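A.B. asks: Got a structure here, written out as structure tokens. Questions coming.
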């Protein structure tokens, strides 16, 4: 997007922080999209870049300052001319974080203003294994200064443009929209905090749920085995019961036949076959008395003959 030169606003931005925190690396990454790996202590470097922020063309005049204590006398000069400040510390250096408040207090004293456009930047995010300053510590300091907060990596170009753009918006709006934007950035930070907390909680729950699921799996597996065993057991029981009933039925048939022989064939639970056997038994029993009666008759007749003769 092009604009008339007369309508293009120029912003004086000052990058402030201790030595070795990566101020030059951030600035060069923003200006040239290039990462400077070597550390070369800066006395004072100035850069210019034209950018489009929110459809508005702007020219940034960026002053990269010295962080060494021996150049502290030069600070008040560029603090007077600066419109917005990036307060940079390294997440790998607790000392650089602790001294950041003194930089802000010096800016306040020199500017003699209630509101100073400032963005707190925690650089070297890529060196997570060397971290000495937590994200929460940086966020608390930013809230104390009533300033937005970002963690950046000049090496990996993380949040570099966002840091400068956020500062330009503060300067451009003369702080008029600062509170709403700060709330927006705070919400973003809170969302990140929530995501980090949720992630940690999710990990713990995942571990706990893993054990729970494992326990349930084992329990379900045991229940499944028990159910299966129960089914098998019931099947075997049913089979054994059927076999037992079959044997009992045969035994009962034999027993009923035996009982019929003894005159107990009138039992109500006897089978049809057993009933026939019982009838045959009763017929046999009826025949036996008749046979005995004929024998007795013959015996009596025989005896009678003897008496007659």
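Placed from the backbone N, Cα and C atoms, the Cβ positions cover glycine too.
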A.B. asks: Looking at 39-47, 48-56, 57-65, which stretch does Swiss-Prot describe as motif 'Effector region'?
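C.D. replies: So the range that Swiss-Prot calls motif 'Effector region' is 39-47.
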A.B. asks: How many other Cβ atoms are found within 10 Å of the Cβ atom of residue 20 (GTP binding site), counting all protein chains shown?
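C.D. replies: By my count, 17.
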A.B. asks: Using DSSP and collapsing to three states, where does residue 123 (GTP binding site) fall: helix, strand or coil?
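C.D. replies: Strand, per DSSP.
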A.B. asks: To which of the binding-site residues 123, 155 does the lowest count of other Cβ atoms within 10 Å belong?
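C.D. replies: Candidates: the binding-site residues 123, 155. Fewest Cβ atoms within 10 Å: 155.
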A.B. asks: For the motif 'Effector region' (39-47), what is the mean per-residue pLDDT, to the nearest integer?
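C.D. replies: Mean per-residue confidence for the motif 'Effector region' (39-47): 69 out of 100.
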A.B. asks: Highest Cβ count within 10 Å among the binding-site residues 23, 36, 126: which residue is it?
C.D. replies: 23
